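The annotation transmembrane segment is assigned in Swiss-Prot to 33-53, 77-98, 113-133, 178-198, 226-246, 288-308, 320-340, 347-367 on the grounds of similarity to another entry. The heme b b562 binding site annotation in Swiss-Prot covers H83, H182, and the record cites similarity to another entry as its basis. The heme b b566 binding site annotation in Swiss-Prot covers H97, H196. Marked as ubiquinone binding site by Swiss-Prot: H201.
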Amino acid sequence: MTNIRKSHPLIKIINNSFIDLPAPSNISAWWNFGSLLGICLGLQILTGLFLAMHYTSDTATAFSSVTHICRDVNYGWVLRYLHANGASMFFICLYLHVGRGLYYGSYLFKETWNMGVILLFAVMATAFMGYVLPWGQMSFWGATVITNLLSAIPYIGTDLVEWIWGGFSVDKATLTRFFAFHFLLPFIISALVMVHLLFLHETGSNNPTGIPSNMDMIPFHPYYTIKDILGLFMMILVLLSLVLFSPDMLGDPDNYMPANPLSTPPHIKPEWYFLFAYAILRSIPNKLGGVLALVLSILILVIIPFLHTSKQRSMTFRPLSQCLFWLLTADLLTLTWIGGQPVEHPYVIIGQLASILYFLIIIVIMPLTSLMENHLLKW
């Protein structure tokens, strides 16, 4: 009799994806983040489902329903903070996952990479809408400022914004639809993840050397399941430390004040994981230009496979490209810091320089350096 995991039509798919999947024998801990992201998504859907049972998406009661969850629901505060800080862990894993792809040349699997970029946009949209739901000051003003950016689109902008708002300002209709979409999108993301994995399993995983590893593969289970569980424990340790010791560390104190359309907070800013894009948006003193730069800061990932000029896939043996990669990382951290600062000297000029450097490294310096390294190989 054949083993059921190899013959059953449903279990067979799981077996070929997570158990008998041939994986390169030398992939490092940087390959852990895919599974961690899957776990983050599951955690967010689960905690979100229980939160949705107690939340009301009405401007009059949204803020107090969140307070009710934290005070009166059994372990409601754990659910709320797991969900809020789980989003932060999600983005940490996402950015490290993308960074790994950039460093080791995984972007040359174009279908998988482009699917990943679509996933990144979907997760960002979901997180933005989720931030609006507690209906605090930063929720309301963040929603107003970010949705208002669409009015920069020529001709249809104003109509588009009012259509999204469901009125002439961010109000009850906006909150209700944001809740509906925030609930729906994670399930769409789950479907997109399946497609992402489908594309990945067509080609197989990349590895740190960037050299094809078809002749040296090992089964995913038990080797990488154990390795992934270690990564999972480390992530849970960080997440629980955040939730149980300083749950509000990554949040904004202004969001503990109920939304008031008549009082603007002194400094409107999004959650920390959007600050780098927000800094790029603010660095251009033109509304449409800023919006374009904001979208391009993420969309630029799509053209990266076409900017690959090196003869080697990975950066493992390319010291000059490595320096540029870490310069880009430092630049993104600088942008994240600037995004949280007020719009005044010297932050404005630092933000502008960091924004220019960001696009310059990706579009110009990196491809030229790769060409130079190709010539150095001939010596």
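We number each residue from 1, going along the chain as drawn.
Cβ from N, Cα, C; glycine included.
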Check: Cα of H97 (heme b b566 binding site) to Cα of H182 (heme b b562 binding site): how many Å, rounded?
Finding: 23
Margin query: Can you tell me how many other Cβ atoms are located within 10 Å of the Cβ belonging to the residue listed as 'ubiquinone binding site'?
Written below: 14
Notebook entry, point to check: What parts of the chain pack near the transmembrane segment (178-198), using Cβ distances under 8 Å and only residues at least 6 beyond its ends?
Noted result: 17, 38, 41, 44-45, 48, 52, 55, 57, 112, 115-116, 118-119, 122-123, 125-126, 129-130, 132-133, 143
Margin query: Please give me the CB contact count at 10 A for H196 (heme b b566 binding site), counting all chains in the structure.
Written below: 21
Next item on the list: Flag the pair the transmembrane segment (288-308) / the transmembrane segment (347-367) as in contact if three or more Cβ pairs fall under 8 Å (sequence separation 6 or more).
Entry: yes
Item checked: Same-chain residue ranges lying at least 6 outside the transmembrane segment (226-246) that approach it to Cβ under 8 Å -> 29, 32-33, 35-36, 39-40, 78, 81-82, 85-86, 88-89, 93
Next item on the list: Name, in the order they occur in the sequence, the residues of the same chain whose CB lies under 8 A from the CB of H182 (heme b b562 binding site) and which sit 6 or more residues away.
Entry: G48, T126, M129, G130, L133
Check: Which chain-mates of H83 (heme b b562 binding site) that are at least 6 residues away have a CB under 8 A from its CB, listed by sequence?
Finding: Q44, T47, G48, L51
